[in-house]
């Protein structure tokens, strides 16, 4: 055989070696093949080239944290990665948000979501990729959420031959109090979408395990701030003053009675006053005092009742002490978050898919949490499902909680989140039937 034929054969072997072979070569999967998808997706996500890419994306985002509605560079990075993958997208939604599309552009549609914003705090973890923006830090894992969603996109793109319908990739700004989900909805980000899945990393739950629950999962939340006004004066002659500090103290004690005396003990609620500002001298009664805090409940009815009673108690108790009070619920900057309520049918879907990937003993139910998530806005308009992804490694180290300046991501969790999000989406499309005739739905023909 002459040398030219040897060269030809070598080139053929190189081409075959580096050409990705789809895990499922037949686009028509049998029902028996569906349970194999999550495990094979996880194997794909763990490949060094995929894992290293996700890790690199996550670290670049971590180095440059941006606050809600200011995620300009983060959004640019995401769009560049989508361009590199050849994924079509629409931009902007809610200032910096992006929605990408993988699939036919026709129904059924399902969405998977990641939040992008950081927190206004100084990172205290010293490592190579520490935040370079003073006073800003990814202390809630949103950098990892974005990397996982891009990883899920890469997985889905690699297996488009079995994709039936369309997956929407929702990259959302301003989860940390800004209500970015609501603005994404108002801007049309969920057009045609039938269901949506979201996740959050959990530092105290073991790596390779997930947890959630059907029904109420996270509480609805709101904030309040009240200014209680009296008449200032010398502390030695209080009879000539109207003391707002005394009035505010009575208000705080009375607010605690809303939960202990007015709420059903089986209906969990919280009212916490975490801010008290008034006066600056030991011997001067101030003219006014400002207090503020948060309130939580698991049902919308209880939440609205709590809101009404907070205002009534503050104004009424201040009046008892001859003071005036104004109450601001700060909805312009911190909109009320509704309770996060997981759809029961999507819970069953989650259990099946996560069980196929991780084993049923690694899929846990958990008690409701009083934390809140603006993913709940999506669940108010379409069925949605939110779950926790474990990332605690096998060390003796006690991991820092979210919103701590010492919070760290275990990057070994990235393949699990990417593969599970991709699996939840593709299995939903393969198992679901369009609920509306295609002729009545606006497709995404740009795909």
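The backbone N, Cα and C atoms fix where each Cβ goes, and this holds for glycine too.
Per TrEMBL, these features apply:
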{"type": "BINDING", "residues": "140, 142, 176, 200, 403", "note": "Mn(2+) binding site"}
{"type": "DOMAIN", "residues": "220-314", "note": "domain 'Peptidase M20 dimerisation'"}
The one of 142, 200, 403 whose CB sees the fewest other CB atoms within 10 Å, among these binding-site residues: 403
Under 8 Å by Cβ from residue 140 (Mn(2+) binding site), same chain, sequence gap 6 or more: 118, 119, 176, 402, 403, 407
Secondary structure composition of the domain 'Peptidase M20 dimerisation' (220-314) [DSSP: H/G/I, E/B, coil]: 37 helix, 35 strand, 23 coil
Integer mean pLDDT for the domain 'Peptidase M20 dimerisation' (220-314): 97
Shell list (Mn(2+); ref centroid = CB of 140, 142, 176, 200, 403; cutoff 8 A): 115, 117, 119, 138, 139, 141, 175, 402
